[in-house]
Protein chains: 2
Amino acid sequence: MKKQKVSSAVIRRLPRYYRHLNDLHLAGVERISSSALGKSMGLTASQIRQDLSCFGEFGQQGYGYNVESLRGEVSDILGMNRGHTAVILGAGNLGRALLENFHFQRSGVTLAAAFDVSPDIVGRTLSGVPVYHVDQLEPYLKESPASIGVLTVPRGVANAIAARLVAGGVKGIWNFTNIELRLDSTGVIIEDVHFADSLLSLSYMISEEP
Amino acid sequence: MKKQKVSSAVIRRLPRYYRHLNDLHLAGVERISSSALGKSMGLTASQIRQDLSCFGEFGQQGYGYNVESLRGEVSDILGMNRGHTAVILGAGNLGRALLENFHFQRSGVTLAAAFDVSPDIVGRTLSGVPVYHVDQLEPYLKESPASIGVLTVPRGVANAIAARLVAGGVKGIWNFTNIELRLDSTGVIIEDVHFADSLLSLSYMISEEP
């Protein structure tokens, strides 16, 4: 598939494409025009065509896109078939919310283990996921490499744990700690989930309303 | 203050401005040039000047920005001084993670109450926030209007509860349910937190790495 440099705005929209195409597929829709797909996503038809052209030629003039095959293409582009595995660091409320309610597998990621320090949960299995003491992180990763570390630890230990994940070989950190991690140019990708930024955007938008 | 139509990309960056300016202020920094601010945020100096010019004239040629006053301006723009209040619907793992660990007040929002159906927590007070039965939502909002509803209920009841929040007068919904809410053109703002989109972006980025 031909590829070109993809802007971060397009990357941000790809998961939404996947989500919409998946919903359409589950609803039994077999094909869709760029204008109909655009309408459901709040984008123009030409925006849709332009976004998808970054990754190759999809769709046919006058026919539209085959929903299932485009969904498959987007899923491939997103790396959902790469067999990524993740470990969760911190099984407090947020870690457990992800463990128990978030469907990692639907994003193509296998959640293999969780790590915490609390004697109440170390040694237990939550939603099928074993919880180990954080002291076991290094030997665990040596035995069972993971590509993603999910960081739901308290802020005060976030950088220290992130450094251990990087030393353990993860390629990406999904950071829920609301601090900007300081990793020395390791090539590891950090994806921040900033709850406060999201709430402030909402605050702005409702404050603008008359 | 003069205002012009602000693009959603700028709105998305404003909370990051606030976060960086707040960190600088707490670190005792009194003024900063647009190039230094840009460097710490991964933006160019001209991008910084352009973003902030949407909201009026800040900073002085050759002097830079006064950190505390710019922080105050950005905070005003974000509506942090509007006295927004929020209620949480759903005090499961995720609701409790927000209740117990997220500092609403730092975003200028007062978290006033939580609602759930579980007899284990209805009637209790968690981190200073009273938990009521969801049946009490309508009389509660009539007595104590809230501008933001935080939606951390199971997906199956998300639309029904969102409709009740809208009928109860909220102006914005902070949606953690990972479904796209269907509200009939009510003017209520929905801010989605899509964990899956974030994880898929990370998956894309680590899959691109050699």
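Cβ coordinates come from backbone N, Cα and C, glycine included.
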Report summary line: Which range of A:16-55, A:56-95 is DNA-binding region in TrEMBL? It is A:16-55
Requested in this report: State the mean pLDDT for the DNA-binding region (A:16-55).
Outcome: 87
**Report entry** Other CB atoms, at most 10 A from the CB of A:Gly92 (NAD(+) binding site)
**Finding:** 18
Query raised in the report: Out of the binding-site residues A:Gly90, A:Ala91, A:Leu94, which are near chain B, with a C-beta less than 8 A away from one of its C-betas?
Result: A:Leu94
Query - Under 8 Å by Cβ from A:Gly95 (NAD(+) binding site), same chain, sequence gap 6 or more - result: A:Ile88, A:Leu89, A:Ala114, A:Asp116, A:Val150, A:Thr152
